[in-house]
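Everything below concerns the one structure shown next.
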Amino acid sequence: MIKHFLEDNSDDAELSKFVKDFPGSEPCHPTESKTRVARPQILEPRPQSPDLCDDDVEFRATLWSQPSDSQQYFCPPAPLSPSSRPRSPWGKLDPYDSSEDDKEYVGFATLPNQVHRKSVKKGFDFTLMVAGESGLGKSTLVNSLFLTDLYRDRKLLGAEERIMQTVEITKHAVDIEEKGVRLRLTIVDTPGFGDAVNNTECWRPVAEYIDQQFEQYFRDESGLNRKNIQDNRVHCCLYFISPFGHGLRPLDVEFMKALHQRVNIVPILAKADTLTPSEVDRKKCKIREEIEHFGIKIYQFPDCDSDEDEDFKLQDQALKESIPFAVIGSNTVVEARGRRVRGRLYPWGIVEVENPGHCDFVKLRTMLVRTHMQDLKDVTRETHYENYRAQCIQSMTRLVVKERNRNKLTRESGTDFPIPAVPPGTDPETEKLIREKDEELRRMQEMLHKIQRQMKETH
């Protein structure tokens, strides 16, 4: 049989044993007329060249010796086993892709890698708002956080110009890349906030700007081309609190209460180098008590998962206890104990920006950039934006119901009910508010009709 032409000491001894034990190698008998059957071929590895890797082994065909009529023929051997076949070219992206795991490994464990590659290719957006009165170091702190100069084109106003200055909204956008990860950072500044003698409702332009970004995103999301939506929603607001005083001022309370339902507020105790360590602790405790007393909802750190390591839990607890963050900003590099650090030089010593014993700058940067940036974006999308979106849909629904009821009454009575005009003698400010509200209602009604048409076309 097979032993007639395969010797035990030959190179094909293992093949003989494999064919004998292999369940799919059924013997094939020649026909009764003893017709000469073509000689079968087997693949035998050629000696490997030093230029070839393990995955590029070539095979050559060798002919067997002339079989006799009584010999049996068998089917070709099975394909290469998983342990000897070439690995996938995606193996470097799949840490679980190994020959030993092929029988039980499906491959969906690579989904995080796929999401990571796609996210890195697309890049990330983050919009940060800084608010507070002038002179608290907002621009310096932002430049220190992201190691870039975002205010190189800023024009400093004189004393007379500051008197007449009103609250403005300015945007500074910059692309930052670090280790192949691209971040499109937008800084929203509020020059003029809190600088006037009468600061009544000076927070209103800031609230209107946040609502405008929500409205623009809602319009883009409701349109047909939703693939390239630019996300300009404000993800975080750093509110700077003056170190001079005994706690929160009425303006601070009014601002945070007006915006805490619209944006994630992170309170900042500015210019911490003007306070002693004991004063910093007392002022932090006082600010936390007043925030709770006035019902202000600042950004809440998410609870740690049960499977988090102890170091991360301790770090998260330290961040929670540091609210409000007492920070120092500086773009100056000074010499301290034989090394160059960013800080401020005083006659009595050096204050280092990145020294945790001097201020909370490192903790703020860790929270804002390294650990909670994505959570800030998630809370903005899932809470603040959804609240605005729900209000818009409810308003549009009420408008549609009101319009349908009016049309129904018109059809039943056969007469039109004209929209009542503005009563005579109304002051100009009230007329302006009424016109703005009517214009807003018309825009929302048009948007609802547009959504309804798109839904009909889709179905």
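Positions of Cβ are set from backbone N, Cα and C atoms, glycine also.
Per Swiss-Prot, the listed range annotated as region 'G1 motif' is 132-139 (candidates: 132-139, 276-283, 380-387). Residue ranges 101-104, 189-192, 225-228 are listed, and Swiss-Prot annotates 189-192 among them as region 'G3 motif'. Sequence-distant contacts of the region 'G1 motif' (132-139), counting only residues of its own chain at least 6 positions beyond either end whose CB sits under 8 Å from a CB of the stretch, comprise 150-151, 154, 162, 189-195, 238-242, 268, 270-271, 327-329. Figure note: comparing Cβ neighbours within 10 Å for the binding-site residues Gly132, Pro277, the maximum is reached by Gly132. Here the CA atom of Ser306 (phosphoserine) lies 43 Å from the CA atom of Gly135 (GTP binding site). Break the region 'G4 motif' (270-273) down by DSSP state and the numbers are 2 helix, 0 strand, 2 coil.
Summed and averaged per residue, pLDDT over the coiled coil (434-459) gives 76.
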